[in-house]
Amino acid sequence: MIKNAVSLVTGGASGLGRATAERLAKQGASVILADLPSSKGNEVAKELGDKVVFVPVDVTSEKDVSAALQTAKDKFGRLDLTVNCAGTATAVKTFNFNKNVAHRLEDFQRVININTVGTFNVIRLSAGLMGANEPNQDGQRGVIVNTASVAAFDGQIGQAAYSASKAAVVGMTLPIARDLSTQGIRICTIAPGLFNTPMLAALPEKVRTFLAKSIPFPQRLGEPSEYAHLVQAIYENPLLNGEVIRIDGALRMMP
């Protein structure tokens, strides 16, 4: 059960990450809330209670992630669950023929670096700390949950970088599950559809309504709390491993 678990949530200051940190804390887990120094992570951690600790982290930095894990070890003694919610997006066509301009390579690399390399960085370092845990009755020592996107499967115009970065997260899930199985560490990936996150909240109401109607059922945007609920379900179900779970209301994005 999630109660008394020690967790690390990246991207925990907003959106899916914040909802996850909030649910875990309410269920009695301890949370290392990791986000950029410029985020509202410190305020969020104070709001969520004494068992939530903010650590400033750039997920692409080995030093930052190692510091967050050391905080988990020093303050709570171990790490049971890592949830990778940190990420970024861009909307740029491969080539803009109207302006005769190609997609900037550095922008493509930045998205890959944060979403793919950053996720793997957190996974590999978390696994090292989890491996020191005493196994439970199933031999489990830890659980890792990643965040991909339906864009990994149904990428839209202008989403080459974002889709590639999330498809890589999908692709690494099974081999990492196999890598870590000998130490009793499970890993799953959640692929959200259209969710009521700060990014979508900034869109006009007319656009949000249109997007909601594109979802077969239920015809509404997903709530971050529903993502967080799935994180808890993955943690508490020992047979979920090496799997990618779409949470999208049967949405299949058309170009």
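Placed from the backbone N, Cα and C atoms, the Cβ positions cover glycine too.
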If Swiss-Prot gives S14, L16, D58, V59, C85, Y162, K166, F195, T197 as binding NAD(+), which of D35, D138 does it give for that site as well?
-> D35
Least Cβ-packed of the binding-site residues Y162, F195 (other Cβ atoms within 10 Å) is F195
Can you grab the distance from D35 (NAD(+) binding site) over to S149 (substrate binding site)? Cα atoms, rounded to a whole Å.
-> 20
Span of S14, L16, D35, D58, V59, C85, Y162, K166, F195, T197 around NAD(+) - largest C-alpha separation, Å | 24
The rounded CA-CA distance in Å from V59 (NAD(+) binding site) to S149 (substrate binding site) is 18
Of S14, S149, which of the binding-site residues has the most Cβ neighbours inside 10 Å?
-> S149
